[in-house]
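J.: Okay, so Swiss-Prot annotates it like this:
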BINDING   His12, 18-21, 104-107, 148-151, Tyr156, Glu194, Arg201  FAD binding site
MOD_RES   Ser80  phosphoserine
BINDING   Phe127, Asp128, Ile129  substrate binding site
BINDING   His174, His178, Cys223  Zn(2+) binding site
MOD_RES   Ser197  phosphoserine
Amino acid sequence: MAGKKVLIVYAHQEPRSFNGSLKNVAVDELSRQGCTVTVSDLYAMNFEPRATKKDITGALSNPEVFHYGVETHEAYKQRSLASDITDEQKKVQEADLVIFQFPLYWFSVPAILKGWMDRVLCQGFAFDIPGFYDSGLLQGKLALLSVTTGGTAEMYTKTGVNGDFRYFLWPLQHGTLHFCGFKVLAPQISFAPEIASEEERKGMVAAWSQRLQTIWKEEPIPCTAHWYFRQ
């Protein structure tokens, strides 16, 4: 939709990967719609995933005992966070939709993306106490996980060896994104592209492109435990 701003947080080492193809088609389709699309290519940026004292450029509020959450909250208020953090926060703040494109690592995100979440979504910027879930500081924004897996779709069912895929979405979609106030759109799951045929992979890319054509008309998922753990 013309005038909308989209941030794609991309976490894959190889530009020619299937994840890279999904990222590229998202950029192309959303740009075609007139959206302004920004990509944070975390590996290409050599993004620092570790949460350390270096994230605070000013004086610590308690130099005797370091508490990362407390210190980054204070640093956010004092405008003394490291520039790589504030650069990403500005991108998030300007975005109407944030898409996270990544391969599933151990039922979660790659370490570099976890580090992005740990460092960028700090108290004062993404949430406060009070000021979380429906009152999160990023309310009014949309978020979407676009994930590739190593396992097949059958493996991620209630009766499959891995269990229902929605179980693994709970800490990411609910405990992180919804906690920060995002309205979460249904995830885009591309199952087992490594073992899929070329035709099947093309179908996955086409399905993602087609979905993006009407992405602004989608309703967010219900932010309830039942959506994830329904019986």
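If you go along the chain as it appears here, the first residue is 1 and each next one adds 1.
The backbone N, Cα and C atoms fix where each Cβ goes, glycine too.
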J.: Please list, in sequence order, every residue of the chain apart from Phe127, Asp128, Ile129 whose Cβ lies within 8 Å of the Cβ centroid of the substrate site.
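T.: The surrounding set, listed in chain order, is Gln123, Gly124, Pro130, Gly131, Phe132, Gly136, Leu137.
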J.: Near the Cβ of Ser80 (phosphoserine), how many other Cβ atoms are there if near means within 10 Å?
T.: 17
J.: Which whole-number value in Å describes the distance between the Cα atoms of Phe127 (substrate binding site) and His178 (Zn(2+) binding site)?
T.: 10
J.: If you count other CB atoms within 10 A of each CB, which of Tyr105, Phe107, Phe127 wins among these binding-site residues?
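T.: Of the binding-site residues Tyr105, Phe107, Phe127, the highest Cβ count within 10 Å belongs to Phe127.
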J.: Between Asn19 (FAD binding site) and Ile129 (substrate binding site), how many Å separate their Cα atoms?
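T.: Here the two Cα atoms lie 36 Å apart.
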J.: Three states by DSSP: which one describes His12 (FAD binding site)?
T.: coil
J.: Please report how many Å separate the Cα atom of Tyr105 (FAD binding site) from that of His174 (Zn(2+) binding site), as a whole number.
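T.: On Cα coordinates alone, these residues lie 18 Å apart.
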J.: Tell me, if you would, which residue among Asn19, Ser21, Thr149, Ser197 (recorded positions) has the fewest other CB atoms within 10 Å in the structure shown?
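T.: Result for the recorded positions Asn19, Ser21, Thr149, Ser197: minimum number of other Cβ atoms within 10 Å at Ser197.
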J.: Give the sequence-ordered set of same-chain residues, not counting His174, His178, Cys223, with Cβ within 8 Å of the centre of the Cβ atoms defining the Zn(2+) site.
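T.: Everything else in range on the chain: Tyr133, Gln173, Gly175, Leu177, Phe179, Val184, Thr224.
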